[in-house]
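Here is what Swiss-Prot records for this protein:
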BINDING   D13, S63, D444, H445  Mn(2+) 2 binding site
ACT_SITE  S63  active site, phosphoserine intermediate
BINDING   H124, R154, D155, R186, R192, R262, A263, D264, R265, K335  substrate binding site
BINDING   D403, H407, H463  Mn(2+) 1 binding site
Amino acid sequence: MTPAHKVLLCILDGWGIRQERDNNAIVLAGTPHLDKLASPYPFTELQTAGLAVGLPEGQMGNSEVGHTNIGAGRIVYQDLVRINRAAESGELAQNPVLRAALDGVKADGKALHLLGLVSPGGVHSSMDHLFALLKAAKERNVAHVYVHAFLDGRDTPPQSALGYVEELERFLHETHTGRIATVTGRFYAMDRDKRWDRVHQAYEALVFGRGPKAPDALSAIRASYAEKVTDEFVKPTVLAAGDGTPVGRIQDGDAVIFFNFRADRARELTQALAFPEFKEFDRGGLRLGRYVCMTQYDETFKLPALFEPDQPQDIFPELLSRQGLRQFRTAETEKYAHVTFFFNGGREVVYAGEDRHLVPSPRDVKTYDLKPEMSAYEVTAELVKRLDSGKYDFALVNFANPDMVGHSGRLDAAMKAVKAVDECLGALGKACERNGWVLAISADHGNCEQMVDLETGEPHTAHTLNPVPFHLIHPDFRGQKLRPGILADIAPTLCKVMGLPQSKEMNRQGLLP
């Protein structure tokens, strides 16, 4: 079929709406290109957090959740909600995969290691899930249980780990369910950009007990703060007795459960610990007894998971493919999974008629505040070429800058990131105009519109609960009104714009009247 309109959907990652100017990188930077493009055309606000995207009430959204909802055209209830319900009801403790792992490690007389992000952020993990796993291990009489605590500082304030780790230590002491064995910033343990040198340092601490030593977790964190190293960047630290013996390193035959429910930042460490073949660094011949993921981290990983994927059917990209339309996806490395895997409903699939292009994120800087433009200009150049080719009917692009630089807490850098993305929008607006495309601009969640925590005065490095914009830019829609909505309204809206039949499973009415 021939669509009524061809559409470019731009997702400005971490670009929320907040009216106040103070510490608002978007307002302070100014967006002259976006303002010029969007001013004559319809605009509305979309909710991106809590129940609106299938998360618990008051829980901030994230890129994984956002892109899944955008592609599905309905509210997709997230793993966090599913696992919360299982933990609260006792269903988790009866999970057959969990019981097999616990009974196996007990029978073997080996240790159980629980790895994951100790954080209330709710983006990658939940402390309630960790507590439920610890209780289950005690109920199954597992004798040796160790927690390897990864510290946040991105989805939480940058120096907030002491409170969360103290809560964990209190729980462990009161319930006699285990001990903390290592403390590591997520910068090392949760890389997703193939920076294997970081993962290697985490592995060395987990498996060999190598790295800085500390008598307990709180001392390790305080020592890092004294060196002006915040939670995210705490070096992999081994908790050890007075003679230097590690509290609990991962050894041959042990069992590991990675309790992060979000996949993208759990994959690399999982590969290092559990894959039979691995060539990125010398692992020293570790052979685990069991390795269990909280969720399915990748369809190609032949590893058991406590919760299998709940994948939405008849989603927007699938609809495009069935109609014989050509689609193009692009982003830089940091957000490439979001415009592919997550937009495709959590599937490792390339639909018929779907082309992709990955632009590498910068690797010459440690953090992106040092290069706020990241790879936005390269992404834009490739996308303009594809729009001008006349080959496609739909295109999706994600600009990572507002989110990735926003996570640094550096207002000046975030403003530069905003300016770079605004320039790119100007170029894309011109390309859409000369090719007759509709330009739809939105975001998956907020971030850089609030760079300082209003309560503490510290840098704000997490996502926000703020709504995000939705612009529909094309002369055919001048003067039309858009309803306020949620991210799941985007796909039904694009179906109407393109003249496509909306699937029954897309149960949202969209934003157009």
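Even glycines carry a Cβ here, placed using N, Cα and C.
Sequence features annotated in Swiss-Prot and their locations in the structure.
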| residue | record | DSSP class |
| --- | --- | --- |
| D13 | Mn(2+) 2 binding site | coil |
| S63 | Mn(2+) 2 binding site | helix |
| H124 | substrate binding site | coil |
| D155 | substrate binding site | coil |
| R192 | substrate binding site | coil |
| A263 | substrate binding site | coil |
| H407 | Mn(2+) 1 binding site | coil |
| D444 | Mn(2+) 2 binding site | coil |
| H463 | Mn(2+) 1 binding site | coil |
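Here the candidates are the binding-site residues H124, R192, A263, H407, H463, and by Cα distance the one nearest H445 (Mn(2+) 2 binding site) turns out to be H463. Looking only at the binding-site residues H124, D403, H407, the one with its C-alpha closest to D444 (Mn(2+) 2 binding site) is D403.
Checking each of the binding-site residues (H124, D155, R192, A263, R265) against H463 (Mn(2+) 1 binding site), the C-alpha distance stays within 10 Å for D155.
Cα to Cα, R192 (substrate binding site) and H407 (Mn(2+) 1 binding site) are separated by 15 Å.
When the binding-site residues H124, D155, R265, D403 are ranked by how far their Cα is from the Cα of D13 (Mn(2+) 2 binding site), D403 comes first. Cα of H407 (Mn(2+) 1 binding site) to Cα of D155 (substrate binding site): a distance of 8 Å. Candidates S63, H124, D155, A263, R265 (binding-site residues) were compared with D403 (Mn(2+) 1 binding site); those inside 10 Å Cα-Cα are S63. Fewest other C-beta atoms within 10 Å: among the binding-site residues H124, R192, H407, H463, that description fits R192. Surrounding the centroid of the Cβ atoms of D403, H407, H463, where the record places Mn(2+) 1, the chain contributes additional residues within 8 Å, namely D13, G14, N62, S63, R154, D155, P402, M404, G406, H445, N447, C448, T461, A462. Highest Cβ count within 10 Å among the binding-site residues D13, D155, D403, D444: D444.
The full span of the recorded substrate binding residues, H124, R154, D155, R186, R192, R262, A263, D264, R265, K335, taken as their largest Cα to Cα distance, is 18 Å. There are 26 other CB atoms within 10 A of the CB of H445 (Mn(2+) 2 binding site), with all protein chains counted. Neighbour counts of Cβ atoms within 10 Å were compared for the binding-site residues S63, A263, and the top value is held by S63. In sequence order, I11, G14, T48, G61, N62, G66, H67, K335, H338, N398, D403, A443, N447, H463 are the same-chain residues whose CB sits within 8 A of the CB centroid of D13, S63, D444, H445, the residues recorded for Mn(2+) 2 being left out. Within the same chain, residues at least 6 positions away in sequence whose Cβ sits under 8 Å from that of R265 (substrate binding site) are H124, R186, M190, D191, R192.
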